[in-house]
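Chemist: Reproduced below are the annotations present in TrEMBL:
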| type | residues | note |
| --- | --- | --- |
| TRANSMEM | B:15-32 | transmembrane segment |
| TRANSMEM | B:68-86 | transmembrane segment |
| TRANSMEM | B:106-129 | transmembrane segment |
| TRANSMEM | B:141-162 | transmembrane segment |
| TRANSMEM | B:168-188 | transmembrane segment |
| TRANSMEM | B:234-253 | transmembrane segment |
| TRANSMEM | B:265-290 | transmembrane segment |
| TRANSMEM | B:297-315 | transmembrane segment |
| TRANSMEM | B:327-351 | transmembrane segment |
Amino acid sequence: MKPVKVYGPGCKRCETTAQMIREAADRLGVQVTVEKVTDPREIAMAGVMSTPGIAVDGKLVHTGGLPDAAKLEGWLTA
Amino acid sequence: MTTDVSTPHPVRPEWPWHFGVAGFVVAWWLIYRQLAPASEWLVALLPVDRDTHTGEALAFFFYDVPKVMMLLTLIVFAMGVVRSFFSPEKTRALLSGKREGIGNVMSAGLGILTPFCSCSAVPLFIGFVSAGVPLGVTFSFLIAAPMVNEVALVLLFGLVGWQVAVTYLAFGLGIAILAGFVIGKLRLEGWLQDWVRDIHSGANAPVMPEGERLTMTDRYGLGIEAVREIFAKVWIWIIAGIGMGALIHGYVPEDLMARIMGADAWWSVPAAVLMGIPMYTNAAGVIPIVEALLGKGAALGTVLAFMMSVIALSLPEMIILRQVLTLRLIAVFIGTVASGILAVGFLFNLIF
């Protein structure tokens, strides 16, 4: 199980990002748990200044805007 | 946004993109020049008399909708490319530890250029303050970023005129700089929510792997993405706003607006600011109304004050900021910005 966190206050783009991660994981056959972090304190603590941010295995890999689909697959398989 | 440095991706020539963008700009210009005759032609096809209220409103609608859409496409694309050179992280690095004064000026300017979405206002606020950006300087950014944006400027330029657009830019920046400066001078750091003061996120937070090697093609791509996003978000507002403007344009009698929103009624400026606070729409929705109001004899200062208030002081944003600011600090924030807007409104009514 790969833990993936999506940081964002719950705006539409964060929802879309979480959905993209699930779909990419399904495509790749990778087991993931997607957790949405909406608490502003935790978002800030993670060092995310523009949302949505994505952390895979506890490592921040992306902030600001929807992720690129190809890169997303790269993070999930890394 | 960041390119993955580990995968060597084939270097494609960039010149087709440059040509494509240049070709697009030329085509844009040729079409743009034909908009006025095309709209008249369209209205002439309809079974309404051009000189009636309905004809007047329709001509306004058919000309302004495509015009605004085209202007937005071009400028939002350009800004998308420009913004790809900036990021909140870089802006924070530029601003941290800056003195007030110069810091406020830089901050307001960077507020225009840094990619910003109001849903990130809280993490950005914390990210700034915890990295040693002074509170007042942070506020300058937070005021300028939504208020002085390319959508507002494009719409003002396209619908009202470049003089008003430039004035709006100058005074919007001025308010952001001054309000931030005043808030900084008041030393209100103690009025942040407790947990924000204690946080030290920026310093020990994991640093994003900055893949700085964006090609021009990547940047064009980001510009296109920005256009797509703006259109998905604002088209309904533009149609609604221009429709509303068309109604005012065609049906509201001239002297009515001049009486209510004219320069003679001193109370019209504060009333406009008050009305604007609970109203929440983006620049795209409010400016067509602004144009129609001006056309009907409303005073420029009053209308600008209304517009700034709608865009810069929004209730949803206050509710978001409530998570990091105490109510007292929010009150000071609203008070300072509202005073600035009032001053601009009165000043304009006096000058013009």
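Any Cβ shown, glycine's included, is placed from N, Cα and C.
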Chemist: May I ask you to check whether the transmembrane segment (B:327-351) and the transmembrane segment (B:265-290) make contact, with contact taken as at least three Cβ pairs under 8 Å and only pairs 6 or more apart in sequence counted?
Modeler: yes
Chemist: Among B:168-188, B:234-253, B:265-290, B:297-315, which stretch has the highest count of C-beta pairs below 8 Å with the transmembrane segment (B:68-86)?
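Modeler: So the stretch in question is B:234-253.
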Chemist: Looking at B:15-32, B:106-129, B:168-188, B:297-315, which one has the highest count of Cβ pairs under 8 angstroms to the transmembrane segment (B:141-162)?
Modeler: B:106-129
Chemist: Using a Cβ cut-off under 8 Å, which residues of the same chain at least 6 positions beyond either end of the transmembrane segment (B:234-253) come close to it?
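Modeler: Hits for the transmembrane segment (B:234-253): 53-54, 56-58, 60-61, 64-65, 68-69, 72, 151, 281-282, 284-289, 291-293, 295-296.
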Chemist: Using Cβ atoms and a strict cutoff of less than 8 Å, what residues sit near the transmembrane segment (B:168-188) while being 6 or more residues removed from its termini?
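Modeler: For the transmembrane segment (B:168-188), the list is 100-101, 104-105, 107-109, 111-112, 134-141, 143-144, 147-148, 152-153, 156, 304, 307-308, 312, 329, 332-333, 336-337, 340-341, 344.
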Chemist: Which sequence positions outside the transmembrane segment (B:15-32), separated from its termini by at least 6 residues, show Cβ-Cβ distances below 8 Å to it?
Modeler: 67, 70, 73-74, 216-217, 220
